[in-house]
């Protein structure tokens, strides 16, 4: 008898050991089988994803960084109009992420969503290159003080390419970081720690791409816009190739159904059961018996807040007496209800990114225009102001390794957080407060520049005075944006990871739109009495420093609201 029990025990041990060879987070390999840890995922799959992100970001920033210069110098738009066009386009690049996120989570999966939207992206890049190369599609140069308006075909080709890029990058962005994080098994403690490190290096690669893009500014302004747009198009092609090369090594998460449908089911079911009481014993609420790793999502523990939503999981008398009470529009699981609660809890944290992103939008709009009003000469060479953003990349490239290798160990000692030192919410909060000093530095520089302009000595203020504000923003990025990536992936329900990643991007979109709105409102109120306004085509006649101080004040309020929200945030817990 004992030998039989021993054999069964040995067999169970062998089964457990065999299971440890495979990822346990519900992922599959390229053939649809449970993925072997030694052959798939982890850091061995990440170089292809990081290479894709690096090339794609070089392509994106190769357009975005100096777009305001193209709009003013080639399409002959004014400062306010060009800045609005840039921030509106940037906002669209982020808001289209909702399309990619829903398709990835509900239907296509992250892999095929990235593949399809990359093709759209490449078509947009090609159209943009043609608009700056083909004589018929290329805007005419100015003759003296006369600058002819672009023709309708020229406008259409340029903006068609621009907004195809917005659709393409939007479809990709919510999926790439999540797809990279999918390569690490949440059930494996060692892989879980590496996942946190992945987000740091993912942002590092974003800035490697951006660093290369700043060199393209020199090409655009000194050689030509056709070549300046053509090179990013080639890199977008390389991004697609890099992504497909890693296919045999990837781990894939199956689509888990429409997250929007799951949310609506909870809202409808709770409304239909308004008259029912929620039982005091949470175990009486409806939940499936098994852990649904692939079909839906791992079970979440019940929480006591937003009790009205719990009505969706209350089993009515009719449902209890029926053998068919699984109508998802009438009865939802506790896990499904908790998914909606998680999204509600995320909203205040998510909203903090809107103001932060409106500040960040200044780096590609008003910072560049500020730089153009300063002394950009280095001997006989005139430095394009957009290239100053390279210092932002340098800051990030320095800070990410320092954060990963130095800040984390030191923070572990100070905070006694054994995983990553600072919690994700602490990291984001630090970034918010750092950004206040960045926009304040920009305001101080502009005040000094205007003071010198009044005396006729503005040319002596070198553009390198912008470097401190750019460095400060670079440090803020490493804390806030990387923390944001990790927060939305880590706190999201399994069935909504792309959608939650898109929430972070949506905050960036609304930040860009908010920047456009603030510009419009400020211009209206500062010019309605016939004045020149704060932001003029000749910045020496305006008060850009007031605009920066206004943003600084909004940032202080935003940081205070964030602290309150972060202190009261309830973390996701698995059952």
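A Cβ is built for glycine as well, from the same backbone N, Cα and C atoms used for every other residue.
According to TrEMBL, the feature transmembrane segment maps to 111-134 (among others).
Taken from TrEMBL, the feature transmembrane segment applies to 154-176 (among others).
Positions annotated as transmembrane segment by TrEMBL: 197-219 (among others).
If you look at the transmembrane segment (225-246), the same-chain residues 6 or more away from its ends with a CB under 8 A from one of its CBs are 45, 47-49, 51-56, 58-60, 62-63, 66, 70, 74, 114-115, 118-119, 121-122, 125-126, 128-129, 132-133, 138, 212-213, 216-217, 219. Residues annotated as transmembrane segment in TrEMBL: 225-246 (among others).
Sequence-remote contacts of a segment are chain residues at least 6 beyond its ends whose Cβ falls under 8 Å from one of its Cβ atoms, and for the transmembrane segment (342-363) they are 87, 90, 263, 300, 305-306, 389, 392, 425, 428, 431-432, 435, 438-439, 442, 470, 473, 476-477, 480, 484, 487-488, 491-493, 496, 500, 503-504, 506-512, 514-515, 518, 548, 551, 554-555, 558-559, 561-562, 565-566, 569-570, 572. Look at TrEMBL and you will find 342-363 (among others) tagged as transmembrane segment.
According to TrEMBL, the feature transmembrane segment maps to 383-403 (among others).
Residues 349, 352, 356, 359-360, 362, 367, 370, 415, 466, 468-470, 472-473, 475-484, 486-487, 490, 545, 548-549, 551-552, 555-556, 558-559, 562-563, 566, 569 of the same chain lie 6+ residues outside the transmembrane segment (424-443) yet bring a C-beta within less than 8 angstroms of a C-beta in it. Sequence annotations record features per position, and here TrEMBL assigns transmembrane segment to 424-443 (among others).
Annotated transmembrane segment per TrEMBL: 463-482 (among others), in sequence order. Outside the transmembrane segment (463-482) by six or more residues, the chain places 199-200, 202-203, 353, 356, 359-360, 363, 367, 370-371, 374-376, 383, 385, 388-389, 391-396, 399-400, 403, 427-428, 430-432, 434-435, 437-439, 441-442, 445, 448-449 with a CB less than 8 A from a CB of the stretch.
Annotation source TrEMBL lists transmembrane segment at 503-526 (among others).
Feature annotation from TrEMBL assigns transmembrane segment to 546-569 (among others).
Simply put, out of 111-134, 154-176, 197-219, 154-176 has the most Cβ pairs sitting under 8 Å from the transmembrane segment (503-526). Long-range contacts of the transmembrane segment (197-219) within the same chain: residues 46, 50-51, 53-62, 65-66, 177, 180-181, 183-184, 227-228, 231-232, 235, 384, 386-387, 389-390, 392-394, 396-397, 400-401, 403-404, 477-478, 481-482, 485-486, 489, each at least 6 residues beyond the stretch ends and with a Cβ under 8 Å from a Cβ of the stretch.
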